Structures are given as C-alpha cells and as structure tokens.
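Copied from TrEMBL, the annotated features are:
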TRANSMEM  23-47  transmembrane segment
TRANSMEM  59-82  transmembrane segment
TRANSMEM  120-139  transmembrane segment
TRANSMEM  145-167  transmembrane segment
TRANSMEM  179-201  transmembrane segment
TRANSMEM  221-243  transmembrane segment
TRANSMEM  293-313  transmembrane segment
Amino acid sequence: MTWLPFICLTIGFFIGIQKLSQYLLVLVDKIITLTLILLMLVIGSSIGINPQVMARLGIVGFNCAVLALLSITFSIFFVCFVEKTVLPLEKIQKELFLDQLNISNEVDLSGQENQRISHLVWIMPGSILLGIVVGFFILPKASTGILSISLTLCLIALYIGVGISLGINKKVFRYVKLLGWKIIFLSIAIFLGSVLGGVIGGTVLKIPYSISVTSVSGMSYYSITGAFMTSVYGIEAGTYGFIVNIMREFFTVLMLPFLIRISKGSPIAGGAAGNMDTMLAPVTKFVGVELGLVALITGTILTFAVPFILPFLHGIFV
C-alpha cells in the first residue's frame, strides 16, 4: 500500500501530460466524480457494518472537532509568521492590483466548475450517510472483504485521477513563477501547523499519532485521507481522516469573518488544500480576487502534496 499511491500518481501524470481531447477530459472528470461517490459509499458502509465504530461515533466526532480546530489554529500561527518574515501578502495584493493582471479569469467564482463543486460538497457527506445506513441495516457482516477490495479499487482509480489532474494543470507552475517561489512557504507553513496541531491533539486526547497527525495532514482533502487511512489503519482511523477534514472546511467557513481580521493569510491557512476547489470561492470573497490567486496556488500545491504526504507518514508511524 505504501508504494501504490506513487505508482498510480505516476501513471496518471503521464496520461495527463498527453494532449487529451476535450471529450476525454470530460470523461475523466465524470469517472473521478463517480469514483468519489462510490468511495464515500464504501467508507460509509464500512462504518455502518462495524458495531465498535458505530458505538464510538460520538467520541470520535468530538475528537475530530478538536483536531480540526487545532490544525486550523497552528496553520494560522505559522502562516502569520511567514507573512511577517518572507511573504507580506498585503504588499503582494497591492502589486497584483497595480499590475492590473486579469486574475478574475484565473479565479472563477461563478462558473460551472464552482457549481459542480458546490454539488459535491453535499453529495459526498450524503453518500457517506447513505453508506452508513446501508452498512448498518442491509449489508451482512460477511461483506467486509468485498468492501475492502472495493476500497482498494476506488483508491487506485482516484490516485490515477489525481495524477491526471496534476499532468493537466501544469499552468500552476506559471502562476508560481509569476508570484515568486516564496509562495511555496505558505503551503509549508500550513502543513507544519497542521502537523503540530495533530501532535498536540493526539497528546491531549490520547490518540495515537498515526491517527491524529495523519488525519490533520489531509488538510481538507477528506476523500483521499479517509480512504487511505481506512486502507492502512482500519475503519475507525478512516473515520477520523474523513471527519477531521470535513470539519476543517466547516469551521473555516464559519470563522472567515474573524480570520480575515487576524491577517490576509489566515483564511487561506484555514482553507488549506480546499482552496483549490470547495474553499476557493468563500476564501476569495474575504481576501480579495488578487489573493484569490494565492489561495488557488496554495490549495493546488497542498492537494497534489497530500497523496505523497500520507504514505510518507505511514512509513514513519509503522
């Protein structure tokens, strides 16, 4: 399992850098969406079919909320440090405004893509809940083997899909060059803050670091994190991986009016990997279109980093 993500990502990347037709791009997008829905159904069914996990859902939910809040808090702390030292976002915002870059074309807040993503925000949790109901009331206990195989197949398809997306979206490197390579420090700060939040949360809540640190390292990428942790640590750990990252997005949206008062980078820190898709519109509304491009780049870097980070952490904790 440790090498599976890297193999699938590499395969996907080499597919993505080919000149794919628009028809194939749309087809790949639909396959990834269907895979995500199936993956959520499988994870939900695995939760529902496991009586031990069902009995602990309340405790798990509380722990996930604490971990999500800690990861947001320390991500903001490190991002504020980066803003004060190497990457003054307010200055960058003014420079982008003065350059009159056509950023609104890069950060689309009203197009079909955002509409599709907004649907997925509801479809994913809905699929999890449906899966829990099916697993609890319908599936026989002997179905765990089938669910495990289904999970692995979904992961393979999803990793290849992420690799294809990475190959297609090479333009992000142009944006990084435009804003300067120091922009990468923002992603590093968010990751370090998340890890520190996971370490402190694991210590206080008495949760193994393999669960607390790995779950927060998903940085809002709940589908990959939940599936990966389920496959390597079991369904209860996978539940952490999913809920912690869903809650990170929820708490960030809830606190955006407060976060923007701390610094320009704080909303970006909260959104983390979600800034590539689901969190881009709400975060951009608060930080402005100019820094919306910074949010997009940061989210893209983290989104493509998570599939590499998770198996790396698994190798450390094994």
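Placed from the backbone N, Cα and C atoms, the Cβ positions cover glycine too.
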Same-chain residues near the transmembrane segment (120-139), Cβ under 8 Å, at least 6 residues beyond its ends
33, 36-37, 40-50, 54, 147, 222-223, 242, 246, 278
Before we move on, state whether the transmembrane segment (179-201) and the transmembrane segment (59-82) share at least 3 Cβ pairs under 8 Å, counting only pairs 6 or more apart in sequence.
yes
